[in-house]
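A.B. asks: Take this structure, written in structure tokens, and hold onto it; I'll ask about it next.
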Amino acid sequence: MLIGKAYRSGGLVRWCGVQPLACLFTSSSNMAKSKFEYVRNFETDDTCLRNCYIVVRLDGRNFHRFAEQHRFTKPNDNRALGLMSRSARSVMEELEDIVIAYGQSDEFSFVFKRTSTWFKRRASKIMTHVASQFSSSFVFYWKEFFGEQPLLYPPSFDGRVVLYPSNRNLKDYLSWRQADCHINNLYNTVFWTLVQKGGLTTAQAEDRLKGTLAADKNEILFSEFDINYNNESDLHKKGTTLIWEKRDEIVTKRMKLPNEEEKDVAVTRSRRRVEAYHCDIIGDQFWEEHPDILEDNSC
């Protein structure tokens, strides 16, 4: 019920006093226009350059403390690594323009295809969506990997956006991250072996490894602890690579055939799914086996 007085002006009925709701909210275009709209001019243009791969890399913020307070296993906690991969899969399933993702330790990189138009290629929109989806998934799937161990406080991840104009640039970026995985994992494996099996303090183990090369670290593991680093898990040594692949699956459908009663029929269908690999992506073999990941450089 409206309060006010109606009068006719120019063929239209207008109201004095309280206006009808329709007059207050006429259209989105009229609502957007106001004397305050000038503040939009302060927004910066962060549109990503066209024909470039958009890479969003997330890193755990202060995850050393997070790992300690949640009693992560050293040097690698498979529960945490599984949770990271599950969260990354959630991001890929939400944003299907991501063609490949690579993760190790507390970081994950997401590669959007060169022709992607998600969020009009605005860097801030892309980065914040990836970060929020990943963070919320990390919390959502926590119990799936850690059971009844409580999540003491919400984790946080910072992100950055980098553009790579060519296939070679992108492959070199991913190679850099996997090389980093190998270097860090070898160090951590030796470090925690010296602490857990060698009886050294963390300060002593750090001092022991100062100035050592990869060959020295391998020698310590083999000669002192009978550990062959080559036999360590590929998940730990090479990280996790996620890509889209088509998989055939058999489902049962209730169907009615001509002149027959309804019955269950097995039907094969092909679906795109995110698959995980723990393999070398620095060499050519992975890329030759998965040629659909990279786009033509002439695009």
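Cβ atoms are placed via backbone N, Cα and C, with glycine included.
In TrEMBL, annotation is done automatically, which means it is predicted and not curated.
For reference, TrEMBL lists these features for the protein:
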DOMAIN    36-165  domain 'tRNAHis guanylyltransferase catalytic'
BINDING   D59, G60, D106  Mg(2+) 1 binding site
BINDING   D59, D106  Mg(2+) 2 binding site
BINDING   D59, G60, R61, N62, F63, H64, S105, D106  GTP binding site
DOMAIN    169-283  domain 'Thg1 C-terminal'
A.B. asks: Averaged over the whole of the domain 'tRNAHis guanylyltransferase catalytic' (36-165), what is the pLDDT?
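C.D. replies: The predicted confidence over the domain 'tRNAHis guanylyltransferase catalytic' (36-165), as a mean pLDDT, is 96.
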A.B. asks: For a quick check of understanding: among the binding-site residues N62, S105, which residue's Cβ has the most other Cβ atoms within 10 Å?
C.D. replies: S105
A.B. asks: Whole-number Å distance between the CA of S105 (GTP binding site) and the CA of G60 (Mg(2+) 1 binding site)?
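C.D. replies: Taking the Cα atoms only, S105 (GTP binding site) lies 9 Å from G60 (Mg(2+) 1 binding site).
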A.B. asks: Take the mean position of the Cβ atoms of D59, G60, D106, the recorded Mg(2+) 1 site. Which other residues of that chain put their Cβ within 8 Å of it?
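C.D. replies: Neighbours within 8 Å of the Cβ centroid, excluding D59, G60, D106: L58, R61, F63, S105, E107, F157, D158.
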A.B. asks: Could you count the residues of the domain 'Thg1 C-terminal' (169-283) that DSSP puts in helix, in strand and in coil?
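C.D. replies: Tallying H, G and I as helix, E and B as strand, the rest coil: 56 helix, 33 strand, 26 coil.
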A.B. asks: Please work out the helix, strand and coil residue numbers for the domain 'tRNAHis guanylyltransferase catalytic' (36-165) from the DSSP assignment.
C.D. replies: 57 helix, 31 strand, 42 coil
A.B. asks: For the binding-site residues D59, D106, which one has its C-beta crowded by the most other C-beta atoms within 10 angstroms?
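C.D. replies: Max Cβ neighbours within 10 Å, all protein chains included: D106.
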A.B. asks: Tell me the Cα distance separating D106 (Mg(2+) 1 binding site) from H64 (GTP binding site), rounded to the nearest angstrom.
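C.D. replies: So the Cα of D106 (Mg(2+) 1 binding site) lies 9 Å away from that of H64 (GTP binding site).
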A.B. asks: Please list residues from the chain of R61 (GTP binding site) whose Cβ is under 8 angstroms from its Cβ, counting only those at least six apart in sequence.
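C.D. replies: P155, S156, F157, D158 - these are the non-local Cβ neighbours of R61 (GTP binding site), listed in sequence order.
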